[in-house]
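Beneath this line is the structure, given in C-alpha cells, with notes to follow.
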Amino acid sequence: MNESKSVASNELTSGKVERTTLKLSDKLKISSNIQQGNKFSLNKSITTVEVRKSKKRKNIDEAARSSLLLQNNDIDGNSEDKNSLTIQEQISRMNALQNASNNEKREELSSDSNKHIEEEVISVKAEVEQPVDVVLPNDNLLIESDSSEKVIVDPVTDSEHADKDVQDVVMLDEFVSSNLDDAGDQKNGDQSDDISDLLEHKGIEGKKLKKYEKEHEEKKGNPKKVMSNNTYTKHVKLVIEEELEEDNNKQVIKNYRSKKNRVTNRSVKNKITRKVLIPNKITVQELANSMSERVKDVQQVLYQITGKHDIKLTDYLDSDQASIIVEAFNHTFKLVDNAKLENDLYSDGNNMELIPRAPVVTVMGHVDHGKTSLLDAIRESNVVDGEFKGITQHIGAYQITLNGDKKITFIDTPGHEAFAAMRAHGTNVTDIVVLVVAADDGIMPQTIESINHVKAANVAMIVAVNKIDKHDADLDRITNALLQHGVVAESLGGDVIVVPVSAKEKINLDQLKSSILLIADLLELKAVYNTRASGTVIESKVDKNCGVVATLIVQKGTLKVGDIIVAGNQAYGRVRNMFNADGGSEKVAIPSMPVKVFGLNNVPNFGTSFIVVDSEKQARELINYRQDLLNVELSKQPAIDKSNVLLYDMVDELNVILKCDVMGSIEAICYSIGKITHKDIRVNILYKGVGNITKSDVLLAETSNSIILAFNVKTDTQVKELAKQKNIEIKHYFVIYDIIDDIKKILTGMLKPLKQEVQIGTLSVRKVFSVGNNGSVLGCYVTSGLVKKGALVKLVRNNNIIHEGKIKVLRRFKDDVKEVTAGFECGILLDYSKEIYPESDVMNIFEIVEEIRVIQ
C-alpha cells in the first residue's frame, strides 16, 4: 500500500498550524472516553468525523501539550513507527511556535482595526456552529488538538478504505484551517508559503484541495474573514456544509412549491376526484356544491381567471369558465347540454307501439249556461251544489265509464270572462269540445270566445243546447246564430253535431254520450303506454294537510307512484300519492287519465306541462335550464321608456296581496285586474299565492300598506286578531265577480276629483281707488253672470292674461257680500299692485268645479 501523509491541523492561539505526520498504514486506537455532544450525521463515507468545539483556548503551553497527544497515542503497526515525528518536523514545530508568538504581538497592535472584521466572524461562527458527528461502526480514536477540538474516528474492517477516509478528513480539516489562518494573517507570508508548499507536496490530494478551495470561494463569493485568535474559537469548516446548504435550498424550494400547490390547486392527499356535470350555464354556488368545494375557494380561483372581485354566489358561469375551475381543483368534468336533455326526454317513446286511449272532452260555454249541471247529470253526481252560487270557479277533471269498458275524460272549465286563459289551456289538452249553449239565452260573449278557441286548437266540436225543456227554447234560432260564427250544424249541411239536452230533466244524455264515442272512434285516438309519463297540469293548490296538490292529465306514458316529475319551470318532486276524481287511490295513471298527485315542492302553474325524469338531480338541472330560458326571454323585452318613468311614479297605487285556493283562480283574478286601466291609478299585486292567510301575509300588508284579498281561503283566529291589531283589512270572496267589483269601488274612492275652471261672470273696471302693496281697490261693474267672493279672477289686457288671483274682498256699497249678479256695481280687493287701465282691462271670473271620477 502506498503511503502518503495526512495532516491534522491544531490551531494555536497565535494562529499557527501544527502538523502531525501519520502513516496511512497505521491503525488508530480508540479512546474509551467518548463524550456525546450536539451532532448531525452525514453519510458522505463510512467514516464519520465528530467535531466538538472548545469553550476557550488555553495558553500556548497547553496547546503544545495537546498537540503531543496525537504523537503519543498508541498506533498499531511496526514498533519503529512509534516516534512518528522526524527531526525536521520538530524543528518546523518550534519555528511555528516562535512565529505564533510574534504574530500574537502583531495581532494586539491591529486588534482595533479588526473590530469590524470580528463582526463578520460572528456570522461565520454561526454557520459552522454545529459540530459534525460521524460514527464509525467499531472502535473510536480520539485525536485532540491544541484548540480542544476532538475528532473521533472509527476504523472500518477494510483498513485500506479506512486509512483513505481518515486521510481525506484530516486534509479537509487542514484546508479549512489554513483558509481561516490566511484570512487572519495576510501579512505573514512565511506561514502562507509553508502551507502552500505543503499542499502542493501532497500531489493528487493537494490538487483536490485546490479544487475544493476554488469551488468554495466561487460559491461563497465572500471575502476571507479575519478571526481574532484571542477572542474567538476557530471552527473547522467542511465542504460538506455546501452540500447541506444545497439540501436546505432544495427543501425551501420544495416547501414553496408545496405551498403554491395548496393555494392554486388545493391538492390534498387522498382527495376524492369527482366527475362534475357542467351544463351550458351554472352558478358559482351550484358549481361549488357539485365539486364539494368551498365557495370561497371557487371564488378565489375565479378571481385568478377573470380578475373580478365582486363575484356573487348567484353569478352565472359559462361552460368554459366552469371547466377551467373544475380542472383547477383536480376534478374531471363532462359537458351536458340541457336543451338536448329536454329533447331526449320528450323523444322517448316516439317509435313505440301505439295503443287506443280514452277521449278527453272539454265542456265550454258561457257562464250559467249549465255546463257543470250537464256534467253532474252525465256522471250522476252533484258537483254544482258544492259550488258557491252554482258558479264554477275552477277547472275540474273527471272520468266516467260507459258500456262496461268505454271511458271518457271530461274537463269542466269556468265560463266567466276572467277564465279565458283556462279555456284556452283546456282546448290544448282536449280531443273533443262540447259547447254548451242555453236555449233561452242563445249565443253570448263567452260562447263566441269558446268557438274561437276551438277553431284555434283545430279540435272536433259538439254543440249541446241545454235547457231545452224551457217553454221559450228555440233550437232553430240557436243553429242559425251559430252559423253566423262559422259553426254549421248537420241539419244545415255541416259536420257539427247539435244535440238538444236538458241537464235538469236528463233529456238526450245518452245521445250526447253516443255522439262523443262516435267522434272518438273516428279520430282513432292512440298513445304510447310503455314510456316515461308526460302530460299537462290542469289545476294546482295547497292543502293544509297534504301540501301541494296538482291535478294532472297524462297524455303519454304511464305515471306511477314514486316517479319524479318536473312541472313547468318551478315545481318538481316525487309522487307520493295519487287519487282519482272520486277520491280513490291509484297506483298508476295511463294516458287520458286525470289524477291528483301529492309530493311537489312548489305549486305549478295550470296549463304547464309535466314530465317524468330519472332523478332529482336531473329534475333540478331541467328546472334551471327552463328558468334560464325564461330569463333570456325577459331580457329581450323592451326596456321601460325613461321619459315615462316620472309619470309612472306619479300614478297612485293600490297595493294588493292576493291569496287563492288554486293557481287557476290566481291567474283568472290577475287577468281581470289587469284589464282595469286608468292613467291616474293602478293596482299593484304585491304578492300572490295559494293557501290560507298567514301571519306573514299580515305583516307584509302592514309594511307595504296593502289590503288582503282572500278568494276561497280561510283565515284562522290568531291571524284575524293580528290583522285587527295591525289595522289590516282582509276581504273574503267566493265569487270572482265580487272581487272585481270591490276593486273598482276602491280605486274610484282613491281617484282624486277632476278639477275644472268654469267661467261664471265678467267684470269691467270703472275706477281704480288705490294701488299698493296690499293690493288694488277697484270699482267694477258686473257685465255678465255673477261674481263670488274668493272666486278666481283672470285680468285680461289686449287678449293676454296678465294676472291670476282671487277676490279677497267683495262689497256692495259698504256691505260685505258673498256674490253680486249682472247689472250691479261692486267693489273688490284684488291681490295686484301694478297699474290697471279701466278703459281696456277686463276681468273674467272663474269657479273651480270638482268632478267625481268613476272606474267602470
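Note: Cβ is positioned from N, Cα and C throughout, glycine not excepted.
Residues annotated as domain 'tr-type G' in Swiss-Prot: 356-526.
Taken from Swiss-Prot, the feature region 'G1' covers 365-372, and the record attributes it to similarity to another entry.
Sequence annotations record features per position, and here Swiss-Prot assigns GTP binding site to 365-372, 412-416, 466-469 based on sequence analysis.
Summed and averaged per residue, pLDDT over the region 'G2' (390-394) gives 46. For 390-394, the entry in Swiss-Prot reads region 'G2'.
Summarising the annotation, Swiss-Prot assigns region 'G3' to 412-415.
Among residues of the same chain six or more beyond the region 'G4' (466-469), those with a C-beta under 8 A of the stretch's C-beta atoms are 369-370, 373-374, 436-440, 475, 500-505, 507-508. Positions annotated as region 'G4' by Swiss-Prot: 466-469.
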Exercise. If you draw a 10 Å sphere around the Cβ of Gly365 (GTP binding site), how many other Cβ atoms fall inside it, taking every protein chain shown into account?
Worked result: 27
For this session: Work out, from DSSP, the number of helix, strand and coil residues along the region 'G1' (365-372).
Result: 2 helix, 1 strand, 5 coil
Seminar exercise, completed: In DSSP terms, the region 'G4' (466-469) comprises 0 helix, 1 strand, 3 coil
Seminar exercise, completed: Taking all protein chains shown into account, the Cβ-based neighbour count within 10 Å for Asp368 (GTP binding site) is 17
